Amino acid sequence: MGLRRLLLRYFPPGIILEYVEGGESKTRPIDLLDLKPDTDVTALVEEIQKGEPLITATCVEHVILLVRRLQQKLVEKENHKFSLFKVLRTHLLPLTNVAFNKSGSRFITGSYDRTCKLWDTASGEELHTLEGHKNVVYAIAFNNPYGDKIATGSFDKTCKLWSTETGKCYHTFRGHSAEIVCLSFNLQSTLVATGSMDSTAKLWDIEKGEEVATLRGHSAEIIALSFNTIGDKIITGSFDHTVAVWDVGTGRRLHTLIGHRGEISSAQFNWDCSLIVTGSMDKTCMLWNAVTGTHLATLAGHRDEILDVCFDYTGQRIATASADGSARVYDAQTQKCIAKLEGHGSEISKVCFNPKGNFILTASSDKTARLWDAATGHCLQILEGHTDEIFSCAFNYEGDTIITGSKDNSCCIWH
């Protein structure tokens, strides 16, 4: 077993070790949850090295450099005000989704016009239009952290894999018998998973362009899925009120998370793969042990359906977005609500933390996106510019650029 390289495109709050074992390329995340602005980085890395045989004497300096870069991000100024940089209006019909690549230099937009467009963030210039689907392009993703491939899932029941560089289609994955509504790459960029209204999820080999497994067991539509960081497990959330945990290698169902009394809207692993959070139309969010599948807590308080949930990058806090027009922040350890984000005039369909975890971004059908202080729940800024409901939003990796997607057929870039 030898360390092949350290990924320079590290993920907060850690780095990823890539190594070869038995001729196979593997990855292992190293979390840095204890990293603070005043942490002695050399001492921290030495401590990590004691329990991590992959970090040898030859690469210690490189690891220290990476960790120092992460530490630098923690101390950057926090008083940034966002302003509208550009409104992009080239889709013929409303957008379905927006997504950044890892660095934030490129982003993609999916649309009801059956296309996905690739954009340059700095200039707002359109780089490619990915054409070929015969119906709505609903789910889109980059294979982050690499960003050299794009996956699109469509109501035409297929998923297509594209080159970011050329815009050419590598593969068309066929096999679902109904609309594809969610998809995700594993962090290792070897597989793409698709979830469908046909009640199944499928795993596809990116290089070979072949189906690897079909995940059967749900009795209703699958509308959410998520790989864990290591890439050995995937979760699927369904309208049958359950979330299933699957073994990626065998395609076998390991656990069924039963407890919600309404359709699942969102499901996610935390960074260290120990917890799963689920949101449901039953107005609650639930926390689960990812290893055993046991229910840990029900996070109540919302007065209407929960439409989105997410962890911050450390997995220490959870944000929820609801049709009641509010968002909430919960402590994953104590399961207590630590902040209520109130001010939107209508339902919030999307919520996300910035990479540092100190800000939260929400997208609402009141035509605005809002930026919040994650610790206090105080509204820091209202992003106004769209003329119809906003249903998608994202931060870039630096946390200094935001994209929002709206039913007004436009995408806005905020700096």
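Including glycine, each Cβ sits where the backbone N, Cα and C put it.
In TrEMBL this protein carries:
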type	residues	note
REPEAT	88-129	repeat 'WD'
REPEAT	130-172	repeat 'WD'
REPEAT	173-214	repeat 'WD'
REPEAT	215-256	repeat 'WD'
REPEAT	257-298	repeat 'WD'
REPEAT	299-340	repeat 'WD'
REPEAT	341-382	repeat 'WD'
REPEAT	383-415	repeat 'WD'
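Panel annotation: around the repeat 'WD' (257-298), residues 11, 13-14, 29, 31, 33, 220, 223-230, 233, 235-239, 241-245, 304-311, 313-315, 318, 320, 322, 330, 332, 335 of the same chain, lying at least six beyond its termini, place a Cβ under 8 Å from a Cβ of the stretch.
Sequence-distant contacts of the repeat 'WD' (88-129), counting only residues of its own chain at least 6 positions beyond either end whose CB sits under 8 Å from a CB of the stretch, comprise 9, 135-142, 144-147, 150, 152, 154, 162, 164, 166-167, 388, 391-398, 401, 403-413.
With a cut-off of 8 Å between Cβ atoms, the residues of this chain six or more beyond the repeat 'WD' (173-214) that come close are 11, 16, 25-27, 29, 135-136, 138-146, 149, 151, 153-161, 220-227, 229-231, 234, 236, 238, 240, 246, 248, 250-251. Sequence-distant contacts of the repeat 'WD' (341-382), counting only residues of its own chain at least 6 positions beyond either end whose CB sits under 8 Å from a CB of the stretch, comprise 12, 73-74, 78, 81-82, 304, 307-314, 316-317, 319-329, 388-395, 397-399, 402, 404, 406.
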